[in-house]
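Engineer: Have a look at this one.
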Amino acid sequence: MASNVTNKMDPHSMNSRVFIGNLNTLVVKKSDVEAIFSKYGKIAGCSVHKGFAFVQYDKEKNARAAVAGEDGRMIASQVVDINLAAEPKVNRGNAGVKRSAAEMYGSSFDLDYNLQRDYYGGMYSFPARVPPPPPIALAVVPSKRQRISGNTSRRGKSGFNSKSGKRGSSKSGKLKGDDLQAIKQELTQIKQKVDSLLENLEKIEKEHCKQGVEVKNAKSEEEQTSSSSKKDKTHVKMESEGGADDSVEEGDLLCDDDNEDQGDNQLELIKDDEKGAEEGEDDRDRANGQDDS
């Protein structure tokens with residue numbers, strides 16, 4: 001970052017120093033000024049004041065290039081007025097259509113701007129100011145600030161500017177107070193809107209969580225119901241299969257009992273037949289014995 005020294009009075013420093021007027025220093029800072037003007041050459045010093053700034057280059061050609069490239073440029077919604085510090089502009093526009101510095105960016109600029117003008121006004125003499133033409137009745141167009149030049153005494157100018165500065169400062173103080181109140185109200189409204197949005201988001205999140213829990217519970221209940229129904233079906237199936245097996249076993253047992261009864265009957269018949277045959281043989285033997293006797 002460049003130094004803050006921009007008040008050297010040697011001819012080389014004067015010719016390589018750039019004055020930047022009508023600068024919105026409420027927004028534009030020293031780093032911003034250095035970033036804008038460093039593209040024209042090495043910056044030896046940079047100082048930012050209320051409403052204006054100085055940029056000190058190492059070489060005069062760099063300063064002239066910066067004046068040619070940046071004069072009349074729009075910086076932070078204001079058209080800047082740029083010239084060499086050693087060559088102030090004689091006439092800075094139409095006095096009938098210009099806006100005061102207090103209306104554009106605050107009354108404190110008048111004091112600092114005129115101090116700079118008085119600082120260099122004592123070293124150089126300029127022709128008297130040209131009388132302004134009649135004011136235009138059409139739309140007022142803002143133009144560059146007109147610099148008052150002449151061979152008047154510094155005491156008279158400083159006294160006049162201090163009075164105008166006091167009047168402008170009271171007006172700007174009221175304007176700033178109103179602006180601060182308006183900004184405060186807007187910020188309060190924005191905060192209320194943000195709070196309401198956050199509350200709505202929290203409600204939506206709670207509803208989503210509640211719905212998710214309900215869906216999860218419903219799914220678990222469905223799973224339990226399906227599992228219990230499956231178990232019931234399996235149990236019924238097993239009971240039906242078990243009953244069929246029991247009936248089959250009972251049928252087998254009945255068949256076995258019938259078979260055993262039939263076998264016993266057959267054995268008894270066979271025994272009866274054998275017994276009858278033995279009795280027949282005994283009868284025949286007795287008959288034969290009687291015949292022999």
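From the backbone N, Cα and C atoms, a Cβ is placed for every residue, glycine too.
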Engineer: With the ranges 145-176, 177-208 to choose from, which does Swiss-Prot describe as coiled coil?
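Structural biologist: In Swiss-Prot, the coiled coil feature sits at 177-208.
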Engineer: Determine how many residues of the domain 'RRM' (16-87) DSSP places in helix, in strand and in coil.
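Structural biologist: When I sort the residues of the domain 'RRM' (16-87) into the three classes, I find 22 helix, 26 strand, 24 coil.
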